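All remarks here apply to the structure that follows.
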Amino acid sequence: MLDTLLINIGQLLTMDQEDGLLRREAMNTLPVIENGAVGIENGVITFVGTVEEAKGLQAKEVIDCGGKMVSPGLVDPHTHLVFGGSRENEIALKLQGVPYLEILEKGGGILSTVNATKQASKEELVQKAKFHLDRMLSFGVTTVEAKSGYGLDDETEWKQLEATAQLQKEHPIDLVSTFLGAHAVPKEYKGRSKEFLQWMLDLLPEMKEKQLAEFVDIFCETGVFSVEESKDFLLKAKELGFDVKIHADEIDPLGGAEAAAEIGAASADHLVGASDKGIEMLANSNTVATLLPGTTFYLNKESFARGRKMIDEGVAVALATDFNPGSCPTENIQLIMSIAMLKLKMTPEEVWNAVTVNSSYAINRGEVAGKIRVGRKADLVLWDAYNYAYVPYHYGVSHVNTVWKNGNIAYTRGEQSWSTATI
């Protein structure tokens, strides 16, 4: 007997088409079951089909979804989850057009967050991050990548990674940990970036042994780390058994996209300034282009990543919030979906695939997250919407009704609007 059976699902977005990364037309295709049903047993999906096909199934609880839509839990593959403080005091500077790198040079930007994170205890960081994770869950997210990077020293980086490990045990959202020690060059290492990178590399063997990080990331940008420094750093991390990511071409077209494809990074993120050659190389690789349009929007920039061109050229595109205290302080992945549709010229179908299937592959979770398929974890979202286009169309609010994580209700908005029923 099933534990739970969801019936009368108006649109069941299984996202279950071809295995692997979605490109071109596959990104613009959504497998939808009309009048669908999903069965759950011991936290795992055991039935996917129509209500007609579900007749005869028995369950301890049958939930009538009332014609509303159900999707997989969403995947946010790029966040800076664990940090201290906030940076609302920088809004005025940004409105005046002060460049981020100039704010950074004055001790603001990431350096402000670094100081706040250093001063916070691990428990304070955990409690703050739980608040943000609860919000992410309320927007339908069930899997999140979480970066360190607000320490720029060994003690604080360890503290962030240990906080993430504790959150993995204490919060229902699945977390994927990334070490971003190479997020900026500390003042004391100004002009000695290679020495700083070696210090960060020296931390990796113990980090691997303690399983505190799965990925290693670096901020490849003018005034931070060069393309060659980034490639060398990430290749050494790969030799130690880590998968790698890269903050690439966010501000200047340095060739970060090309570097990511060349070294086989799991993802290249931002890519606002990615060159035509970089896009071509990404299209011919298994590196996911994780686009972060919320950051461009919040920084009030005119030029967004060329998402339309990337998809047309065959790049596997994912979307993420880039949740962080400085350049994108939002947990709302649904807002990111809307911005991507309007500013990156992505279709609703492409947007949905970019926050489920491709985003799961960007963090090596393509075989366990992002699809509704028999045998996978029952990470499901019931939406207060009757078709998938409505969610990115009606922007600025959350359309989530209920979230199931591993078959258990992890979030519901007020009183549940669905009703129990028999089949």
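Every residue gets a Cβ built from N, Cα and C, even glycine.
Under the heading Zn(2+) binding site, Swiss-Prot lists H78, H80, H247, D322. Counting Cβ atoms from all protein chains shown, H247 (Zn(2+) binding site) has 29 others lying within 10 Å of its own Cβ.
Annotation note: H247 (Zn(2+) binding site) sits in a strand segment as assigned by DSSP. As annotated by Swiss-Prot, Fe(3+) binding site applies to H78, H80, H247, D322.
What Swiss-Prot lists as 4-imidazolone-5-propanoate binding site is R87, Y150, H183, E250, S327, and the listing cites sequence analysis. In the three-state DSSP reading, H183 (4-imidazolone-5-propanoate binding site) counts as coil. Long-range Cβ proximity for H183 (4-imidazolone-5-propanoate binding site), meaning a same-chain Cβ under 8 A and a gap of 6 or more residues, is found for I110, K147, G149, Y150, L152, D217, I218, F219.
For Y150, N324, G326, the entry in Swiss-Prot reads N-formimidoyl-L-glutamate binding site, with the evidence type sequence analysis. Sequence-distant contacts of N324 (N-formimidoyl-L-glutamate binding site), defined by Cβ-Cβ distance under 8 angstroms and a gap of at least six in the same chain, are T79, H80, F83, T113. DSSP classifies N324 (N-formimidoyl-L-glutamate binding site) as strand under the three-state reduction.
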Using R87 (4-imidazolone-5-propanoate binding site) as the reference point, find which of the binding-site residues H78, H247, D322, G326 has the shortest Cα-to-Cα distance to it.
G326
Take the Cβ of D322 (Zn(2+) binding site) and count every other Cβ within 10 Å, whichever protein chain it belongs to.
29
For H247 (Zn(2+) binding site) and S327 (4-imidazolone-5-propanoate binding site), determine the Cα separation and express it in whole Å.
14
Between H78 (Zn(2+) binding site) and S327 (4-imidazolone-5-propanoate binding site): CA-CA distance (Å):
13
Counting other Cβ atoms within 10 Å of each Cβ, which of the binding-site residues H78, H80, R87 scores lowest?
R87
Pairwise Cα distance maximum in Å, N-formimidoyl-L-glutamate-binding residues per record: Y150, N324, G326:
12
